[in-house]
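Noted in Swiss-Prot for the protein shown:
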type     : residues                                                                                       : note
REGION   : 1-25                                                                                           : region 'Disordered'
BINDING  : 42-48, 70-72, Arg337, 363-365, 445-448                                                         : GTP binding site
ACT_SITE : Asp43                                                                                          : active site, proton acceptor
BINDING  : Asp43, Val331, Thr332, Thr333, Gly334, Arg335, Lys336, Arg337                                  : substrate binding site
BINDING  : Asp43, Glu44, Gly45, Lys46, Asn68, Ala69, Gly70, His71, Thr163, Arg177, Asn256, Thr271, Arg335 : IMP binding site
BINDING  : Asp43, Gly70                                                                                   : Mg(2+) binding site
ACT_SITE : His71                                                                                          : active site, proton donor
Amino acid sequence: MSGTRASNDRPPSAGGVKRGRLQHEAATTGSRVTVVLGAQWGDEGKGKVVDLLATDADIISRCQGGNNAGHTVVVDGKEYDFHLLPSGIINTKAVSFIGNGVVVHLPGLFEEAEKNEKKGLKDWEKRLIISDRAHLVFDFHQAVDGLQEVQRQAQEGKNIGTTRKGIGPAYSSKAARAGLRVCDLLSDFDEFSARFRNLARQHQSMFPTLETDVEGQLKKLKGFAERIRPMVRDGVYFMYEALHGPPKKILVEGANAALLDIGFGTCPFVTSSNCTVGGVCTGLGIPPQNIGEVYGVVKAYTTRVGVGAFPTEQINETGDLLQSRGHEWGVTTGRKRRCGWLDLMILRYAHMINGFTALALTKLDILDTLDEVKVGVSYKLSGKRIPYFPANQEILQKVEVEYETLPGWKTDTTGARKWEDLPPQAQSYIRFVENHVGVAVKWVGVGKSRDSMIQLF
């Protein structure tokens with residue numbers, strides 16, 4: 001082999017691409033996406049913020065999770081519940097995109113769409129694009145999810161409290177490189193069927209009591225394949241075109257929340273995907289320089305579904321009042337949510353990871369009847385204040401919360417539509433949160449409807 005490099009083998013720096021062009025391309029990163037993320041344990045009201053921003057968006061995307069998420073949106077007095085579909089699907093002028101980081105249960109997708117069609121959702125299938133690289137959730141994944149919870153309860157006396165939607169088992173299949181994707185379903189169905197049978201057998205060998213109708217599921221999946229075929233695109237190319245074509249407003253709807261993140265959440269009581277800002281890049285196939293605004297959504301108090309440490313939880317009349325006034329029941333599971341005071345250690349931790357550019361503070365009106373409002377501002381461990389959020393559950397359960405007590409406003413805020421309409425004590429509460437976290441509050445929620453979000457700047 002000759003030691004002389006052929007002219008077409010030389011690297012770009014040797015003259016294949018002009019340096020000025022490289023510099024220009026580096027400067028032109030394309031459009032930037034706006035990201036909406038949960039800053040607590042979920043159920044913060046992300047769907048409402050997304051719905052607000054989606055009114056003038058061109059593309060609304062989901063980047064992770066599956067139909068374990070639960071977003072409620074109220075439009076014209078109608079309440080829509082979304083689990084897998086981006087809640088921006090209501091916007092008839094926008095495209096909704098399910099990215100490669102999402103795990104898709106096809107029966108659940110169509111069931112959800114049909115339920116919302118009865119409430120007024122129209123022509124959703126014409127506005128939905130699904131990444132060909134998204135992994136699939138199968139019925140046996142959901143069955144295994146339930147079996148694993150039963151095993152945990154029997155062996156450890158407690159379970160994780162999953163939604164039993166098959167999300168964890170589906171992501172496990174993905175991580176084990178055994179999962180099946182949308183592109184597999186739409187290619188050679190015989191090959192897909194063979195891999196599906198093998199995957200089902202693997203799960204049956206691990207869970208001998210697992211009962212699954214393999215051939216029945218394959219028959220249904222073949223039907224679903226034809227229904228979704230018109231919606232499926234190469235997701236990476238779709239996003240690249242969207243970012244580098246004519247300027248577009250692109251919105252990313254995060255599911256779950258920071259403390260449910262598989263890497264940064266309160267393990268093991270977490271979900272199985274990255275629901276922090278890094279999941280946007282890996283779940284859509286976009287580079288970090290295309291991340292623009294990152295909005296953190298935080299409830300004016302704290303809630304959690306299922307088990308796990310909860311430092312500011314109020315197992316008393318205050319907790320009951322928050323649960324009752326806030327109608328704190330899980331959208332996906334119907335389970336009662338645990339309630340407590342706002343925890344700023346959690347919020348600061350979520351900000352460290354996500355770099356929020358602004359916050360949306362929701363459900364302020366739920367605090368309207370309280371004489372005083374407490375806010376958790378720091379943790380102590382063995383009598384010493386700690387500056388970090390503990391990774392270990394046992395340690396988190398032992399922390400002592402230091403509270404600041406603020407005066408309540410004892411005024412109905414549900415009619416407020418601008419900053420000046422809020423009582424001075426409510427304004428002070430909002431400023432207190434801003435000052436302690438170091439991030440400005442852009443929206444304040446005082447009710448269910450779209451117009452009950454007060455925009456501050």
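The chain as shown is numbered from 1 upward.
Yeah, the Cβs are placed from backbone N, Cα and C, and that goes for glycine too.
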Out of Gly70, Thr163, Asn256, Arg335, which of these binding-site residues is nearest Gly42 (GTP binding site) by C-alpha distance?
Asn256
When distances run from the Cα of Asn68 (IMP binding site) to each of the binding-site residues Gly45, Gly334, Lys336, Leu364, Val446, the nearest one:
Gly334
Checking the recorded positions Asp43, Thr72, Asn256, which are within 10 Å of Arg335 (substrate binding site) at the Cα level?
none
Minimum Cα separation from Lys48 (GTP binding site), reported as the residue among binding-site residues Asn256, Gly334, Lys336, Arg337 that achieves it:
Asn256
Using only C-alpha positions, which one of Asp43, Thr163, Val446 is spatially nearest Arg337 (substrate binding site)? These are the recorded positions in the record.
Asp43
Can you check which residue among the recorded positions His71, Arg335, Lys336, Arg337 has the largest number of Cβ atoms within 10 Å of its own?
His71
Check: min Cα-Cα distance from Val446 (GTP binding site) over recorded positions Gly70, His71, Asn256, Lys336 goes to His71
Using CB atoms and a 10 A radius, I'd like the single residue among the binding-site residues Gly42, Gly45, Gly334 with the highest neighbour count.
Gly42
Anything within 10 Å of Asn256 (IMP binding site)? Look among the recorded positions Asp43, Thr72, Gly334, Lys336, Leu364, comparing CA atoms, and list what you find.
Asp43
Starting from Gly70 (IMP binding site), work out which of the recorded positions listed here (Asp43, Lys336, Leu364) have their Cα within 10 Å, and give them in sequence order.
Asp43
Asn256 (IMP binding site), Cβ-centred 10 Å count of other Cβ atoms over all protein chains shown, is 30
Cα distance (Å, whole number) from Thr163 (IMP binding site) to Leu364 (GTP binding site):
27
Binding residues Asp43, Glu44, Gly45, Lys46, Asn68, Ala69, Gly70, His71, Thr163, Arg177, Asn256, Thr271, Arg335 (IMP) - maximum C-alpha distance in whole Å:
34
Where Thr163 (IMP binding site) and Gly334 (substrate binding site) are concerned, what is their Cα separation in Å, rounded?
10
Lowest local Cβ density (other Cβ within 10 Å) among binding-site residues: Asn68, Thr72, Thr163
Thr72
Quick one, of the recorded positions Asp43, Lys48, Gly70, Val446, which Cβ has the fewest other Cβ within 10 Å?
Gly70
